[in-house]
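Shown next, in structure tokens, is the structure this report addresses.
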Amino acid sequence: MKALVKREAAKGIWLEEVPVPTPGPNEVLIKLEKTAICGTDLHIYLWDEWSQRTIKPGLTIGHEFVGRVAALGSAVTGYEIGQRVSAEGHIVCGHCRNCRGGRPHLCPNTVGIGVNVNGAFAEYMVMPASNLWPIPDQIPSELAAFFDPYGNAAHCALEFNVIGEDVLITGAGPIGIIAAGICKHIGARNVVVTDVNDFRLKLAADMGATRVVNVANQSLKDVMKELHMEGFDVGLEMSGNPRAFNDMLDCMYHGGKIAMLGIMPKGAGCDWDKIIFKGLTVQGIYGRKMYETWYKMTQLVLSGFPLGKVMTHQLPIDDFQKGFDLMEEGKAGKVVLSWN
């Protein structure tokens, strides 16, 4: 079968022939229909410092997907051949304190598909049946293909009550863009998104952000004055940029709450005085709650949330290089690849 493989310890990704995997007793074989390129895939493609210490060459990458059940392991029940599914890309142990306590998204033994084990950029893949998420007929496959990052955005946006609140989102990558839309969809008052990429800031505005701010040439505090704000009630940090995070701390209202998804560089500093004397709550966010986030994000789409606005490109798998080029240039929202 065809698969996108990190063949060499260098920049690039390679379309290769690899064996079709065989599902174990509790696994399902999935025939992939559509996959989407994540920022993680771009890191692996670029072969940056993180990927060099994390990824073993020879890995099939990818973790955003939708497909159909092609074969069932001998112990699998509850699914049918041909059923359309996506899946939670974090495979958890099931026996640690957090897994047994109903907090599997905090499993310390988590294994990520397309990072630690072979992933979804292939014609077929295997997944534990317990990780599958059935996709309702009303949801198009091109949207279901990126439910994984949509789930990151939903987990972050729903961590704190944003109804009637002023929300600051630092980072207009696809997850930040989707989070802006979710916050407006569920009733936030003002949603302000900051970045330095005008293309992606426009996508955030199209998704419903009240204001978008290119901080390279505009002051966030000036925008706050224009909106008659004293400070932000909720912050969603999506950029992994220390300067953006410190700007957020500076602009938070006393008692505000921050959900952090962006990964800061090691040793990055922050103004702890702002956190302490403003009484801020800072909550780390990783992945999706299993499977409450999946339920809520499915219902959001079924209730009219315009998730499709963040998708900018659909390409056949043979044009995968164009997709990675667009992502590297920052000239895309979500890029979806078709395996049909």
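Note: Cβ is positioned from N, Cα and C throughout, glycine not excepted.
According to Swiss-Prot, the feature active site, charge relay system maps to T40, H43, an assignment based on sequence analysis. Summarising the annotation, Swiss-Prot assigns Zn(2+) 1 binding site to C38, H63, E64 and lists sequence analysis as the type of evidence. Sequence annotations record features per position, and here Swiss-Prot assigns Zn(2+) 2 binding site to C93, C96, C99, C107. The NAD(+) binding site annotation in Swiss-Prot covers I175, D195, R200, L261, G262, I263, I285, Y286 and is backed by sequence analysis.
Structure coloured by features recorded in Swiss-Prot.
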{"residue": "T40", "record": "active site, charge relay system", "Cβ within 10 Å": "23"}
{"residue": "H43", "record": "active site, charge relay system", "Cβ within 10 Å": "17"}
{"residue": "H63", "record": "Zn(2+) 1 binding site", "Cβ within 10 Å": "23"}
{"residue": "E64", "record": "Zn(2+) 1 binding site", "Cβ within 10 Å": "29"}
{"residue": "C93", "record": "Zn(2+) 2 binding site", "Cβ within 10 Å": "14"}
{"residue": "C96", "record": "Zn(2+) 2 binding site", "Cβ within 10 Å": "16"}
{"residue": "C99", "record": "Zn(2+) 2 binding site", "Cβ within 10 Å": "19"}
{"residue": "I175", "record": "NAD(+) binding site", "Cβ within 10 Å": "29"}
{"residue": "I263", "record": "NAD(+) binding site", "Cβ within 10 Å": "13"}
{"residue": "Y286", "record": "NAD(+) binding site", "Cβ within 10 Å": "13"}
By Cα-Cα distance, the member of recorded positions H43, H63, G262, Y286 nearest C99 (Zn(2+) 2 binding site): Y286
Rank the binding-site residues L261, I285 by the number of other Cβ atoms within 10 Å of each Cβ and report the first-ranked residue. L261
Among the binding-site residues listed here, C38, C107, whose Cβ has the fewest other Cβ atoms inside 10 Å? C107
Compare the C-alpha of E64 (Zn(2+) 1 binding site) with the C-alpha of each of the binding-site residues C93, I175, R200, L261, and give the closest one. I175
With DSSP assignments reduced to helix, strand and coil, which class does D195 (NAD(+) binding site) get? strand
DSSP three-state assignment for E64 (Zn(2+) 1 binding site): strand
As a test of the contact definition, list every same-chain residue at least 6 positions from R200 (NAD(+) binding site) whose Cβ is closer than 8 Å to its Cβ. A172, G173, I177, G330, G333
